[in-house]
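S.K.: Below are the features listed in TrEMBL for this protein:
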{"type": "DOMAIN", "residues": "23-287", "note": "domain 'NADH:quinone oxidoreductase/Mrp antiporter transmembrane'"}
{"type": "DOMAIN", "residues": "289-341", "note": "domain 'NADH dehydrogenase subunit 2 C-terminal'"}
{"type": "TRANSMEM", "residues": "60-80", "note": "transmembrane segment"}
{"type": "TRANSMEM", "residues": "92-115", "note": "transmembrane segment"}
{"type": "TRANSMEM", "residues": "151-170", "note": "transmembrane segment"}
{"type": "TRANSMEM", "residues": "177-195", "note": "transmembrane segment"}
{"type": "TRANSMEM", "residues": "201-221", "note": "transmembrane segment"}
{"type": "TRANSMEM", "residues": "233-254", "note": "transmembrane segment"}
{"type": "TRANSMEM", "residues": "274-293", "note": "transmembrane segment"}
{"type": "TRANSMEM", "residues": "321-347", "note": "transmembrane segment"}
Amino acid sequence: MNPYILTALLFGLGLGTTITFASSHWLLAWMGLEMNTLAIIPLMAQHHHPRAVEATTKYFLTQATAAAMLLFASATNAWLTGQWEIQQMTHPLPVTLITLALALKIGLAPVHSWLPEVLQGLDFATGLILSTWQKLAPFALLLQIQPANSIILVALGLASTLIGGWGGLNQTQLRKVLAYSSIAHLGWMILVLQFSPSLTLLTLLTYFVMTLSAFLVFKLNKSTNLNMLATSWAKAPAITALTPLILLSLGGLPPLTGFMPKWLILQELTKQDLAPTATIAAMSALLSLFFYLRLSYAMTLTMPPNTLAGTAPWRLQPSQFVLPLAVGTTTTLLLLPLTPAAVALLAL
């Protein structure tokens, strides 16, 4: 892609998210979300592959539907209450509609089915943007409206954690595994949204760091499915040794960083007298942990059926910028001891 066009599109992505962040009026927030969507569509379709075009079409239709729901709900709120302020949502009908519209935008269950199919048709760089940056603006709106209907949020959160874990069990495509991982992590964030917004923000940032590491590792290895992971030892031995730790951090095993948000969320749910909800969420984490362990097993404990021909890849100069991978991996593995500092920082 032309670097000037790429710069303009990335600027549009940043501007759309910033407009949504800064808006207090629903029309302005809707405009920011639309700018975000229109800026990423050319990035998704830049390879002109049928799968990429199909994924772009699905994404556009889904986001257009969610945007139409959002606009209808905000107009309904203005009709019922006479004002367009984001933080003055009082009527339950538009609040419920907007919550469902934002759930469709970020891919929460049960309106999640577009996310694995779209992510499967993209390259890792665009998929990383879709899994991280594109979730910021809808989450900013969710944090602002603070929907008081706890039943909807708890139902969406539990459904996402269960479907995210269950759906990833039989997947062999890494991008679909990462998509179901995203759905499960979003469920954890939504579960605690109404009780502790700062904890939701901490979980979101932690998920971004872990997902960044996972995407960059698979991009470095050029691995797109489970079988290709078995050959990664010949491409990057050091990364192959660290990748299972990244995957287990995504699964939430101590003493890795991914344990921190799950631990704090379960603690908060227990404080709110939601012990059954916390139990179901904790058990659903076992489903996610299974397919992370499956990826780790394929990467470290299996070998390809024959010896790789040609020059050993690790003897060649790395062709990719590896500093983000190094920073992301270190943070993914070593952030757990800093939990008190992170919680105190977000509580300010």
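Just so it is clear, glycine is given a Cβ too, placed from its N, Cα and C backbone atoms.
Automatic, uncurated: that is what TrEMBL annotation is.
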S.K.: Could you check if the transmembrane segment (274-293) is in contact with the transmembrane segment (92-115), meaning 3+ Cβ pairs under 8 Å among residue pairs at least 6 apart in sequence?
M.R.: no
S.K.: Could you tell me whether the transmembrane segment (60-80) and the transmembrane segment (177-195) are in contact, taking contact to mean 3+ Cβ pairs under 8 Å with a sequence separation of 6 or more?
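M.R.: Counting Cβ pairs under 8 Å (6 or more apart in sequence), the transmembrane segment (177-195) does not reach the transmembrane segment (60-80), since there are fewer than 3.
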S.K.: What else in the chain is close to the transmembrane segment (321-347), if you only count residues 6 or more beyond its ends and a Cβ gap under 8 Å?
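M.R.: Hits for the transmembrane segment (321-347): 198-199, 201-202, 206, 209-210, 212-213, 216-217, 220, 239, 242, 245-246, 249, 254-260, 264.
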S.K.: Which stretch from 60-80, 151-170, 201-221 shares the most C-beta pairs under 8 Å with the transmembrane segment (233-254)?
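M.R.: Of the candidates 60-80, 151-170, 201-221, 201-221 scores highest.
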S.K.: Near the transmembrane segment (151-170), which residues from the same chain, at least 6 beyond its ends, have a CB less than 8 A from one of its CBs?
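M.R.: For the transmembrane segment (151-170), the nonlocal Cβ contacts are 96, 99-100, 103, 108-110, 112, 116, 176-177, 180-194, 274, 277, 280-281, 284-288, 290-291.
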S.K.: Is the transmembrane segment (60-80) packed against any residues at least 6 beyond its ends, judged by a Cβ distance under 8 Å, and which are they?
M.R.: 26-27, 30, 33-34, 37, 41, 89, 91, 93-95, 97-98, 100-102, 104-105, 114, 118
